[in-house]
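So that you can see what the record holds, here are the features copied from TrEMBL:
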DOMAIN    24-86  domain 'Chemokine interleukin-8-like'
SIGNAL    1-22  signal peptide
Amino acid sequence: MKLLTAALLLLFIAMCIASAEGVKCKCSRKGPKIRFSNVRKLEIKPRYPFCVEEMIIVTLWTRVRGEQQHCLNPKRQNTVRLLKWYRVWKEKGR
């Protein structure tokens, strides 16, 4: 009986940990429109089993708010333009 109880408890803990993995998706909310000139860093993270789409994380810098990170929707036209602009800007060695 103790073995069955221990097995059920272990199964319950494993299910709780598996459901907590879904919380790790960093881009649950998408950020606002951004100015390309304020971009300091751009990170593209691949899709994970617990995220629906790839994560595009942009770090912005402004005088008023300082440094901030936002997630961008990869399907929006503005994000696609930002990715193209950032690749060209990086190739120029800036």
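Each residue's number is its place along the chain shown, starting with 1.
Here the Cβ of each residue, glycine as well, is placed from N, Cα and C on the backbone.
The predicted model assigns the domain 'Chemokine interleukin-8-like' (24-86) a mean pLDDT of 79. Sorting each residue of the domain 'Chemokine interleukin-8-like' (24-86) by its DSSP state yields 14 helix, 22 strand, 27 coil.
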